[in-house]
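Engineer: Starting off with a structure, shown below.
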Amino acid sequence: MSDHDAHLDIHVDTHLADHRDDHVADPSAGTAGAGRRRRLVVVGHGMVGQRLVEAIRERDREGRWAVTVLGEEPRPAYDRVALTSYLTGTTADELSLVPDEHDGEGDDDCVVRTGDPVVAIDRSARCVTTASGVVVEYDALVLATGSAPFVPPIPGADLDGCFVYRTIDDLDAIRDRAATARTGAVVGGGLLGLEAANALRSLGLDTHVVEFAPRLMPAQVDAGGGEMLRRRIEQLGLTVHADTATERIEASGSDPHDPSGPGLRMVFSDGAAIEVGMVVFSAGIRARDELARACDLDVGERGGVVVDESCRTSDPHIWAIGECARVDGTIYGLVAPGYDMAEVVADQLLGGAAVFSGADTSTKLKLLGVDVASFGDAHATTPGSLEVVYADPVAGVYKKLVVTDDASTMLGGLLVGDASSFAALRTMVGEPLPDTPEQVLMVGPAPSGLDDAAQVCSCQNVSAGTIRSAIGDDGCCDVASVKACTKAGTVCGSCVPLIKTLLAQSGVETSKALCEHFDLSRAELFDVIRVTGQRTFTEIISSHGQGRGCDICKPAVASILASLGSGHILDGEQAALQDTNDHFLANLQRNGTYSVVPRVPGGELTPEKLIVIGEVARDFGLYMKITGGQRIDMFGARVEQLPAIWRRLVDAGFESGHAYGKALRTVKSCVGSTWCRYGVQDSTSLAIMLELRYRGLRSPHKIKAGVSGCARECAEARSKDFGIIASEQGWNLYVGGNGGFNPRHAQLFASNLDTDELVRLIDRFLMFYIRTADRLQRTSAWLEGLDDEHGDGLAYLHRVIVDDDLGICADLDAAVATHVASYTDEWAAVLEDEEKLSRFVSFVNAPDVPDPSIQFVTERDQIRPAGGTESGSLPEGVLGGVADGVPDGVAGGPGPVPVSGPTLEVVRR
Amino acid sequence: MTVTAETGEGPRTRNGARHDESGTGRRVWHPGWVDVCAYDALLPERGAVALVSGVQVALFRMYDGHVHAISNRDPFSGAYVLSRGIVGTRGERPIVASPMHKQAFDLLSGECGDDPAVRVDVFDVRVRAGRVEVYIPRGELAGSGEISEPVTEPGANVGTAPGADVGTEPA
């Protein structure tokens, strides 16, 4: 904050006189000679305010404007559209819309002051005053104050336990309360209400939705669509009270489902009542126009700062944009029109003449896993318009097109349950129908007909032409690069399917074929192998592929065969399919040696076993390091040493840790309630049980897990593919996290589970992932793929592995049971099999001769590869004639001096 | 690549390379066809490595029974690991993918499919009477430079490890 103050000194406490020399004299303040710098003050730092700042900064090359942003919330702008994800793992930092370099720092062109709302506007002096008393002058003032949740005037609406749903702080408060509640109610069954209901459900609450109108989402859907929506949402276990007015809220003794928590009673106008632990109001918004009212700007009868088509208020120095603005009689509660307004104002401030010409209020939502989309004249208000309706109550799909009376022109429509054709249909509003209405409704229009001017992404206002040019001219070849290049699909994501279609039409292959040998995707191949029972690569590739395979399809088939429980991974033809790591059951390192990791379930290790590991590393001269998964890695083993090393380890009771496999690695844990004074559950025992249950389970990629014994999360479970965090009531299951190149927090999937419920869900989660993910796709990317395909990936997962919508749960359970029953230690099996042991040789013609190219030097009293680290490759001279362990190949060169040849002293048993 | 086959009739070592005992404590290795192992010692569609006169030769037995031999040195990482790669096909060409970073090498030409500027040495190989023989040429090889002149070697370094009667090193 002190930085802000320092920068603000430039702006504050000056009066109308030309004090602007301060800025021009500042050497860092833009291009010299750019004329006086004008001062733009933005009131409100939400998505729209931030968009304005970005637009100005992007286009104001000469530095004409010095921008000051004054925000009420304690943090800079964040993605409010994605707010609910904050409850399922996304952090405030991840939601932030302000790049780090501007976060809290500001610079000479832009000062952001958070947590200090403007409390007064002095139009005559052209300055604003903040709550802390700072006065900031402006040449241009933009109100981007957004809106506040509307709380109906119901007696008791201000009781403890009643919340609104708009800011991160609101969500923190809701989450705190939800920790002690089992049930919650949302007042409001519109778009925002269902969003809040989704949030309560994700917090593990039994959730009620109370809507005054006769149906859910009355602004977007008609009676038929509302009914379909209600059915879908009730199937998820929510209770919908439509056509219901809340008369009052009273404090009651307790939440009946959780007597320890405080409770509220909602009494409805028909006399009925429900007992809940908390109430969230999400029944619409009211424009934040109080500053405008106080300084006598024109405001609408029903709120909103009145602006003209250039977004200018009744004072020519003041603009208003976003949800606080009333343009042409309308307040837009969507982010896209707000962004448009921000662009309009930015353009005008830089000398342009852009105007706001109304907005596309099409909406597509993926709430509670149910797609809802409306576009154009969804309510058929156009005189003479016709509605063509398709309803499938079994599938929960409702579709409606609104067309002109001669069925020639598309006017609008509504989609519930399946909105896959939304993006394409929306672009056709006002256009001639390309086909009969039924055809368009059932099949959707062909996107090839999309005019270049057609708007594909309404949030970011990106046209089909822009995307085509990104693909054709800028070389974008996938959705991610189109997103990065055009910003399309980066806000709500509903146009992603259309982007995919445009990519496909532009000739960009989005083939899911595994490789040149298989046209099938990994998931398809998995099913084929599972169903046909084929268990050799020769059978599989000759009936479903071509050629003899490669380093892509062979390990993929090997992994599928292993996941299906096909014996030892080095049995028969399977051996030839394995990557070198799996082939030698160890991890290849940069100099051609391998590392060895015995399993240490849950990270629990006896002194005796620890001593054995130490002795093995010492006797074989291996480098030792503690891993991030709470076990110990021993490096520098040559192929022919591996059996002797494992003989010692297996004899001491160790087994393979599968560090070399795309398989379960570790289940990390804290000491939990056994030792820790904060622990609430026995996390170590659970971790050990889970690690033993899933050990050896082969998967599309590595799987890591963690169990924390309390909310302090010392085991970092939320950075794992599946993570479990103890609560007082049981276990909370998180899925889809990972560290690595693109870290992701796991998202909450289910709460307060007992151990049996938890294990059943993990069983199904893992097996469903194993069966359907792409090769080398971590669980996080797999879940993102489910998002793209099914709207809300987590909700889809819930339908599959909890509700059993696909009817596969029994099969998944059985597959895991088979795995658990058939597990054997891969290394113990190799040690008992002379044929497999015979592969662990250095040279086929000199089995015991150590590879002379392998050289070590010492560093911090342990070995490390010679030469490799510095140069990235081994010196070519080091390859022969060192059979007696006296290396001489590299002695002459600079760099570290080898102290050990390949034949370190080995103690054999 | 200049190949000069020696025809001297020195005593054969265990692995088939010919040596001259010159009586000076040095022995001379003559390039030519060198017996490395039984054909059955090679697993189908898997590699193995033979140490021939200090040269690491990666051998691959393909699905159709053919055997290919290339240098075992991965030119990208410098590690001697190509024999541990997965073999397969790209189009009609037999390839091995380096186990280090997956670059594919054509087993017929030694060319790297991912970087045409890089290639590894390819050795002639044949199967006779159930034995695999590799032809080790004399003189410089183009690729990794592993082999310079196959040569003499101080007797002190010979045969000190079991089976290591291959004890030569580059000059």
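Placed from the backbone N, Cα and C atoms, the Cβ positions cover glycine too.
Automated prediction, rather than curation, is the source of TrEMBL annotations.
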Engineer: Select from A:82-127, A:864-909 the stretch of residues annotated by TrEMBL as region 'Disordered'.
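Structural biologist: Range annotated as region 'Disordered' by TrEMBL: A:864-909.
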Engineer: For the [4Fe-4S] cluster site that TrEMBL assigns to A:CYS676, A:CYS710, A:CYS714, which of A:CYS670, A:CYS809 is also named?
Structural biologist: A:CYS670
Engineer: In the domain 'Nitrite/sulphite reductase 4Fe-4S' (A:661-785), how many residues does DSSP call helix, how many strand, and how many coil?
Structural biologist: 43 helix, 35 strand, 47 coil
Engineer: Which residues in the same chain, at least 6 apart in sequence, have a Cβ under 8 Å from the Cβ of A:CYS670 ([4Fe-4S] cluster binding site)?
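Structural biologist: When sequence neighbours closer than 6 are ignored, A:CYS670 ([4Fe-4S] cluster binding site) has A:CYS676, A:GLY679, A:SER683, A:THR684, A:VAL707, A:SER708, A:GLY709, A:CYS714, A:ALA715 within Cβ distance under 8 Å.
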Engineer: What is the three-state DSSP composition of the domain 'BFD-like [2Fe-2S]-binding' (A:456-504), stated as helix, strand and coil residue counts?
Structural biologist: 26 helix, 4 strand, 19 coil
Engineer: With an 8 Å cut-off on Cβ-Cβ distance and a minimum sequence separation of at least 6, pull the same-chain contacts of A:CYS710 ([4Fe-4S] cluster binding site), or say none.
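Structural biologist: A:CYS710 ([4Fe-4S] cluster binding site) has long-range Cβ partners A:GLY672, A:SER673, A:CYS676, A:TYR678, A:GLY679, A:VAL680, A:GLN681, A:ILE725, A:ALA726.
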Engineer: Report the residues of the chain - excluding A:CYS670, A:CYS676, A:CYS710, A:CYS714 - with C-beta within 8 Å of the mean position of the site's C-beta atoms, for the recorded [4Fe-4S] cluster site, in sequence order.
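Structural biologist: Going along the sequence, the neighbours come out as A:VAL671, A:GLY672, A:TYR678, A:GLY679, A:SER683, A:SER708, A:GLY709, A:ARG712, A:GLU713, A:ALA715.
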Engineer: Go ahead and report the DSSP secondary structure tallies for the domain 'NADH-rubredoxin oxidoreductase C-terminal' (A:362-428): helix first, then strand, then coil.
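Structural biologist: The domain 'NADH-rubredoxin oxidoreductase C-terminal' (A:362-428) comes out at 5 helix, 34 strand, 28 coil.
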Engineer: Summarise the model's confidence over the domain 'Nitrite/Sulfite reductase ferredoxin-like' (A:589-650) as a mean pLDDT value.
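Structural biologist: It averages 96.
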